[in-house]
């Protein structure tokens, strides 16, 4: 065994290093430091010294022997509901101390009594959480006496502390009870005043009603008296008799009504007196219970003080009686030792409180001797259930939409009952299904409650109002100019020349795939340009560009004229109320025609200035730079007329131009600041996204710290990609931004679910009795949010009544393994627009045979989807008549029956093709040929001008003059 140091040996034997060094010094060892090594011989020497000092086994043996025994029994007490099972555990411990030689001699001389004194018995019995300890211990040493005294002192201090806490708690309870009584008295007084006023009003209304009834009764009596006089004068007049009978009937009805009112009044008065009597009795019972409780408390405290004085020490605080209205669980940890604390085993607990209540309302618990002792005072009247006197009318908050579960919770009814009520009204709904406002109002009023209309967008409106109230110092700002027009008319190239860059060459296919935002410093000032796509699929992007701009440059190719997207751009600009400057591009081409462009735009209500309108037409060339300066002058002149201004000393707000998911950087959003200043570190709320701006980058890739009005920047730090066109705000509180974003997300999700449910129901009715549509499932991933929206709209527009496209999943970012698994499960095609699949997704799709394709030009993607849908269309069937034979004569054949002797007058007759029999040019039979012969030979076809014999299968009514028409059915592929 390896040598150890003194400190390690001390840790091993469980003593301190100093004590071990002292013992080693007493054993004659030379160790003085804790780091010195101890050999095996040193250990043996030390062990021998310790045995000698404490007495060796051979010489003295063990001086003390302790025997322990534990016995567990079970006692059952009582019967019926109050039956209890008590666990009894008896612990016995016997300690025998071997006497020394002198004591042994003395014991022999003084007989057996001294020997029995050396035996100590320690028995411990635990009965239902009560400890009884009997111990005859040997004479304690001085140190043990000190320790015992210290423990008694600590126990006394702890008992005093617990007593102080108990006293403070009782005082707090008494104070709270007094305050509660005062509040109840005030509430009772207010309630009595309200009841008195209501009673006076009801009595006044009752008296008025009685007076009115008496007046009406008197009038009826007078009318009856007059009619009776008329009836006596002329008994044969039927009109008088009818009026008399009617008057008697009215008088009787009024008399009955008065009697019913009197009975109702007496019943209400009796009910009121009974309620007052019950209230008086209840108050007396509560007062008596409180007095009894107070007397019992005083009696218990007096008894505890007398017991403690007689015993000479304080009782433990946990054994004192606590007066509580409700049971209290003591969570203090149990203490070890005899008589200090008790433990309750699970089988010994009795939770049937009703069976333990005495006649005076006291809760009892089993004691250690099997009896009962009073534990807590329980106010029975306080826990008594009282039936409400009338149904509560609640005020239910109803927003634009509310789920069935939330509505039931507000009305304090079960969801099942509310669903039953909805079914009676003809509405089928589930617990989590949202109800519209009208349905919710109907069901609330049907159940007798009041409706309170609330705005669900209150939080959002309050935040926007707080932002809108901030006003700063207005300053002149740069114009925001959007370049719009038809595809390939030179928008990006024109902007390119202005920026003196080559952006168009970097775009896939030479067309802009999403909005590009740039700000350009010119000799005439700064201008911010937005370049929008011209393709038809990007309608929404052009609309957003028009809404977030000050001036629109409408680019029209001089050699191409006005095209569909040109008209659409004009409509967007008109709808947004934005002035237009027309740039007639490609003016340097030979076939350029400026007048043609003016005429076509004039037809769209875009009148040039030289024709008396208000729109400037500037001929330009993006290649040579012709007219670029004049175009900028026209734009700046238009912006000066608009007097554009913005406050730079307020929190920023603006519009999201584009957003994408960049690997390594997260969500990257291009925003255009319209008001205020955006700083790095600001908290931004954009649509359903929020976050802190971690970095800001301008359009050339340089990091910036501050951006002012009319500046487009890319920001990093949002938690999700916002939609292009969403407004963004810089807010002070991240908590408010998170709440508004979560609310918007929840509202969008509910709207989507309700729309899906309505669509499912509509599709179910529309599909009844019709064939099932062919569906092309698509998983779509793009690089930016704007392209995603444009592609979704373009794909959903494809299809017809037989085929359609279903985008089962879409998102911004690369193709992941989740997308691949979804495509595999739903048998979908994966399309990636300017994105790629990661290695795991690519491997999964290749192994499972999932079709995935990459695109960078929207034309190619839409064309491929169109071809795929065309392939899913069922082929078109067309009939083609290939031959006609005229029946000249009919004769019988023993094998085939009637045979038509015919002459082929058109085309060729084929035996294998279907035929029709025509009589007077009307089809009378459709079937097939059974036999085709020329003379005695079976042949497959007969050409025009030849005779033949034709046997029609399953048809025996061929007549001379009929025509037999042979036709062929061909399939033709269909296209969308």
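A Cβ is built for glycine as well, from the same backbone N, Cα and C atoms used for every other residue.
Predicted automatically and left uncurated, TrEMBL annotations should be read as such.
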Region 'Disordered' per TrEMBL - which of 13-57, 58-102, 103-147, 148-192: 148-192
Residues in the compositional bias 'Basic and acidic residues' (222-235) grouped by DSSP into helix, strand and remaining coil: 12 helix, 0 strand, 2 coil
Secondary structure content of the region 'Disordered' (148-192), with strand meaning DSSP E or B: 45 helix, 0 strand, 0 coil
All-chain count of other Cβ atoms within 10 Å of residue 491 (GTP binding site): 30
In three-state DSSP terms, the structure that residue 587 (GTP binding site) belongs to: coil
Packing count at residue 485 (GTP binding site) (other Cβ atoms within 10 Å of its Cβ): 28
Those binding-site residues listed as 488, 587, and which of them has the most Cβ atoms within 10 Å of its own Cβ: 587
Structural state census, the compositional bias 'Basic and acidic residues' (248-285) (DSSP three-state): 38 helix, 0 strand, 0 coil
